[in-house]
Each structure stands twice: as C-alpha cells, then as structure tokens.
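A short write-up of the structure that comes next.
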C-alpha cells in the first residue's frame, strides 16, 4: 500500500511568550483535523510553542487538499490564540490566504511517500527555537559517521551509501550528493548549517528514508519573525537506520542557531513529548515521536527521549548552555552579522555605527603578492 506521511508544524501562539500553546488552541486544531475525511490517521502535539500535525493519507506529497487542511487548522488555532490574547498569535502564518501549498507560507513541512512495509517504523523529530540546519549534525552522524552509527558498517544497504539532497537556503537551489563519492563535499556543505541544510535522504536505488523542513522564515518575511523550528521524518529499521541509531544521533547536544530572539548559539536539548520551551534563556529543544504504522494507521507515539539515560544528556545540554551564555553577546555566543541583520534592532545599531565610520588614509597597495597556500 502506497502511503504518504505529512508532518506540518507552525507557531500560532504561546502562553505568556514563546512557551507552549494553550489547551484551547490545541483543541481547535484537533477539532479541525478530526473533522476531515481526507486522512487515514493523524496525531497532534507540540514542541515548545510549535504545534505539529502528523498525518497519513494516500494523496502524495505537496497535495493541496492536505496542505489546506493543515493551514485551516492553524488558522483555527490562531483564532483561539487571538481570543485568549496569546503571544505571537498566527506568527508563522506569513500569508493572508492559502495558495495551494503551505511551503513558503510559514509552516514547516516534512513529507515522505513510500510503499508501506509490513512493519513500518518511523520517527518524527520536532524542534523548537532553532533553524533547519540544526538537523545537519544528527543527519551526518546517522548516514555518514560510522563512529556514531555502526549500522553504516554492518548493514548492507547503509554501507553502500545513501543519496543526501542538500539545499542552499540562501539561493533556493539543491544539490544531489552521493555517498561515498561526495563525502568531502557533503562535509564542506554541512559546515555552515545557516545556509546549507539536508532536505531529504534516500537509498542509492531511490527508496525515501528522510525528509526535513527547510524554509527560513526571514527569507519569506524579509525580517525576523521567529526561528524556523524545523521538523523531520526518518524511516527506521531494516535497510534504514535502526530507531536507536537514529535517536542516539541526538545524544551529543551540539550548538545550533536560535534561542531567545533567534540570535544566539546554544545546545540542542532532547526533551520529552509535549515539553514547553524553557524560560532559562530558551534553550533549543527537540522531541522524538516514534511511530509504528500499518495500512496508514498509527500506533504511538512512543516518547523517544523519555528514558532515564536522556536525563544525563539534558544535564550536558544545560551545562553547555550556561557556559555559552556566560560569554554574553560576544561571538560565537551570538550569531554572525549576516544572520543578525534580519533583526531590526541590530540593523539600526549597525546603521549608527556605519554613519560614524570614516575611511583610513591610503596606506599603500593591499596584499603581499604571495600566491595562495593551503593553511597549515
């Protein structure tokens, strides 16, 4: 049976700030989705102040009816958010009306269409207070780094390598890179998660494994309106990464862009399902929703980051967060200017600085005339 799994998320309001959605907001989203006859099954939850809708159906990816259902559900949530005076009501809905596809309209989208296996397993990773590039490092560990994932050695399909599709989010273009031939190029791209992000992964013979949301909100709105808060789908088991291999790629809380006002680097903390965002400077968080599926019917989710061992990972993330925040505003605690310029306050400060700058007197020709040499 050919099934599509669509995971669509949006921030449409939080209690007292960017914390978590209200029960009224969630109920409004659930009522709208539950009333639809388009779906086989669905699950609705939240990560921080982002609501995610996981849907199964047979209509394929980028389907207008499915995307409109999610859009309408988020609009219903926005209506309640405004009635309740929630902060950031409708924040991620950057267009006035639906235009056939929620991509480019604010919500994050990850979708996979595939022939369902007899025991289909997949995990949804939903993040808050960060950007799509936050998944680059876990994806690298999952599909490239055999020190992190022994499956890349002992599993025949994974050992053959996968195809990683990488998007240049600043220029809206993609590259199809193949392991193991393109390994250095993949690594060079993933060095800068603010620009190059993994959009999807497939086997060398074209079987889809993973899909991730890639929209940057400031690219759509032209100014800072909140972090992008990505979501991704990863099929697991058999010829794909084991569920444990996929999950363990989040056990080293790496530094990601995001945090309060989207202006800092902080570690990505794995948290339990339906966790609010912290008000301890808003540490970026990620949840793992582990599902089984048969004929499009969902069982789960199991809370992938709920077991006791993840408490120690959370303590590591907390220590790293405190260490970074002790550096204050000095880079790399804060983002590079290219990312901060979308914040109006930062732009205005830079305009003042620029107005006070005067050129240096001519000090002779620039450069030494030496040819380029590789760094030692």
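Quick reminder: no glycine exception, Cβ is built from N, Cα and C everywhere.
What Swiss-Prot records for this protein:
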type	residues	note
ACT_SITE	11	active site, proton acceptor
ACT_SITE	224	active site, proton donor/acceptor
ACT_SITE	227	active site, schiff-base intermediate with DHAP
BINDING	11, 18, 49, 91	Mg(2+) 1 binding site
BINDING	18, 129, 261	dihydroxyacetone phosphate binding site
BINDING	18, 87, 100, 101, 129, 237, 238, 261, 342	beta-D-fructose 1,6-bisphosphate binding site
BINDING	49, 50, 128, 229	Mg(2+) 2 binding site
BINDING	227, 228, 229	Mg(2+) 3 binding site
BINDING	228	Mg(2+) 4 binding site
REGION	357-376	region 'Disordered'
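The structure, with features from Swiss-Prot marked on it.
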| residue | record | CB count, 10 Å |
| --- | --- | --- |
| 11 | active site, proton acceptor | 33 |
| 18 | Mg(2+) 1 binding site | 25 |
| 50 | Mg(2+) 2 binding site | 32 |
| 91 | Mg(2+) 1 binding site | 23 |
| 128 | Mg(2+) 2 binding site | 30 |
| 129 | dihydroxyacetone phosphate binding site | 32 |
| 228 | Mg(2+) 3 binding site | 32 |
| 229 | Mg(2+) 2 binding site | 32 |
| 238 | beta-D-fructose 1,6-bisphosphate binding site | 13 |
| 261 | dihydroxyacetone phosphate binding site | 17 |
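In this structure the C-alpha atoms belonging to the residue listed as 'active site, proton acceptor' and residue 50 (Mg(2+) 2 binding site) are separated by 4 Å.
Binding of dihydroxyacetone phosphate is attributed in the record to 18, 129, 261, and the widest Cα separation among these residues amounts to 10 Å. For residue 18 (Mg(2+) 1 binding site), the binding-site residues whose C-alpha atoms fall inside a 10 Å radius of its own C-alpha are 50, 129, out of 50, 129, 229, 238. With respect to residue 261 (dihydroxyacetone phosphate binding site), the closest of these binding-site residues in Cα terms is 228, chosen from 49, 228, 238.
Around the Cβ of residue 49 (Mg(2+) 1 binding site), 28 further Cβ atoms fall within 10 Å across all displayed protein chains. The subset of binding-site residues (49, 91, 128, 129, 238) lying with their Cα within 10 Å of the Cα of residue 228 (Mg(2+) 3 binding site) consists of 128, 129, given in sequence order.
The two recorded residues, residue 238 (beta-D-fructose 1,6-bisphosphate binding site) and residue 50 (Mg(2+) 2 binding site), have Cα atoms 31 Å apart. When secondary structure is read from DSSP and collapsed to three states, residue 50 (Mg(2+) 2 binding site) falls in the strand class.
Across the structure, residue 129 (dihydroxyacetone phosphate binding site) and residue 50 (Mg(2+) 2 binding site) are spaced 9 Å apart at their Cα atoms. Here residue 49 (Mg(2+) 1 binding site) is positioned 7 angstrom away from residue 128 (Mg(2+) 2 binding site), judged by their C-alpha atoms. In this structure the C-alpha atoms belonging to residue 229 (Mg(2+) 2 binding site) and residue 49 (Mg(2+) 1 binding site) are separated by 10 Å.
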